[in-house]
Amino acid sequence: MEGRLVRSYERSFNGFAARLTESEREQLAEMEGVVSVFPNKKLQLQTTASWDFMGLKEGKNTKRNLAVESDTIVGVIDTGVWPESESFSGKGFGPPPKKWKGVCSGGKNFTCNNKLIGARDYTGEGTRDSEGHGSHTASTAAGNAVTGTSFFGIGNGTARGGVPAARIAAYKVCTATGCTTESILSAFDDAIADGVDVISISIGDDNAIPYEKDPIAIGAFHAMAKGILTVNSAGNSGPNPNSVVSVAPWIFTVAASTTNREFLAKVVLQNGRTLSGRSVNAFDPKGKNYPLVEGTLGSQAKGKILVSRYPTISETAVATINVDYKNYASISPRPLSALSQYDFASLLSYVNSTKSPRGTVLKTEAVFNQKSPKVASFSSRGPNTLAVDLLKPDITAPGVEILAAYSPLGSPSLGDERRVKYSVLSGTSMSCPHVAGVAAYIKTFHPDWSPSMIQSAIMTTAWSMNASETGVASTEFAYGAGHVDPIAALNPGLGYELNKADHIAFLCGLKYTSKTLKLITGEAVTCTGNTLPRNLNYPSMSAKLSGSRSPFTVTFNRTVTNLGTPNSTYKSKIVLNHGSKLSVKISPNVLSMKSVNEKQAFTVTVTGSGLDPKLPSSANLVWSDGTHNVRSPIVIYTSG
């Protein structure tokens, strides 16, 4: 094996990465005590007014437990971090928490401080972030409050994380070409041993991979067993159904949605009309109008504004106007506005019916609106392909047009020569650290809560999302339990608790063999009994049925723990969604809790018939004691 051992893991699980020939791989796989041999793959990165929008206001306007927050460590597994960013400045911080066991091995010219307390590199490049992605996610989760940040004046305000007083440990597993399996496993191994409280990982494959081959699922299982919650992005392959890639119940899976702020670049025509387009356009035309020319070639547009229905950006034109197919604004290296199909059509008719049409593209401005959040089209959708009776994603959070720290080495957009300290990105990569920040925030008030209790608190107190449009892309398969509500999650009333044994029973219910189970759990496990996966004590309930025509009865067994006050009585209520015709019975339908941490079991029985093969049927179960409303989605669907 001389010179071919790439890495060994021994802190939180046992294994090694090595370069092997195919025959060596087969020999090794057959050896006694070897649980599994799988290839090293490359996974992909999924690419703050948002905190105000969610109700976590700046400074003293939000209840905080600062002494504990300062002892809280968020581990970020990503492209590294830019240590000189103000978002990670150690000014005003005391020494690292006593529980911290990590190191600062960021490479050449890389210095940690009392904010950025740890850095590890698995890429050979050093932990310095040359992409921008890792700095963005780390600052969104736990960055300092930095005033006067913007992207060339756009989105000007205070950039901050969910827990600005917390510490950050950066684990660099990704480079420009992707993130390897072995690096991800090593980072989990170290983060667990280093003493982080929450892990945020905005990385995923293009498709859901079996748990035993998924480095994030394996690493997160070991983190869960040690009391650490892993928060992971759902993926950016929406709005296609079955596209969610983070599908394990011990991982908190986050979809991406809009906030009440959008970035608009207006097109002003000489006839006085104004059309609103989407773009993060930092170029100011200084009041000048230019001729508008329709076409596909930029060469004919020198000194003019190119109007093209194709997603092109002209190098020679003064500016480009095209059609918005994405429904969110992204940074453009040249002046650009992307109009809705309707506005683009009306612009074309102006261009074609006017003798010498002229207009201009204004610099982007941030506009606040009263619209409720919508799940982004790119956000990956359920249903879950690996465990069909487990609803994924779990929750949605802001992931559209998010301003946060960046790397001055990274390009803000393709072919962009500008360099910035703060930038605007969209993706489930951006929503994931929002939820990691909320999880850390909750842990500062409830340090004894298990990962499943924190996840349950966030899911059962979420804002309910309305279907924004018809079709499977705007159901629970888009947003899970709803939109994260940090303040409500501090006091959920009841919780759905899960431990390692429950997750093992869930895997046994999926017919995992002892050998495969060992790949995930790292220990010898024998399955006993037969637990249906849908009876995992999860805060949501979901079942896939084989036939859509025949009448059906489905039951779910659940247990709740009293997290509120002694002598509480909770009554159940069922709210049907999207015109669903389900009949739902809860037994018992009243829970009388005498003491805190008391557990009570109940059964949910769902009956119905004639399911729509194209749309899930859903309802919400709400347990209410008059103060708390503990909500769980119930989703029944069929493959036809």
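The backbone N, Cα and C atoms fix where each Cβ goes, glycine too.
Look at TrEMBL and you will find Asp78, His133, Ser429 tagged as active site, charge relay system. Summarising the annotation, TrEMBL assigns domain 'Inhibitor I9' to 3-46. Feature annotation from TrEMBL assigns domain 'Peptidase S8/S53' to 70-482. Annotation comment: TrEMBL describes 535-636 as domain 'Subtilisin-like protease fibronectin type-III'.
Separation of the C-alpha atoms of Ser429 (active site, charge relay system) and Asp78 (active site, charge relay system): 10 Å, rounded to the nearest whole number.
Shown are the active-site residues His133, Ser429; the one with the most C-beta atoms within 10 angstroms of its own C-beta is Ser429. Counting every protein chain shown, 29 other Cβ atoms lie within 10 Å of the Cβ of Asp78 (active site, charge relay system).
Look at the domain 'Subtilisin-like protease fibronectin type-III' (535-636): DSSP puts its residues at 1 helix, 60 strand, 41 coil. Annotated pair His133 (active site, charge relay system) and Asp78 (active site, charge relay system), C-alpha to C-alpha distance, rounded: 7 Å. In the predicted structure, the domain 'Peptidase S8/S53' (70-482) carries a mean pLDDT of 94.
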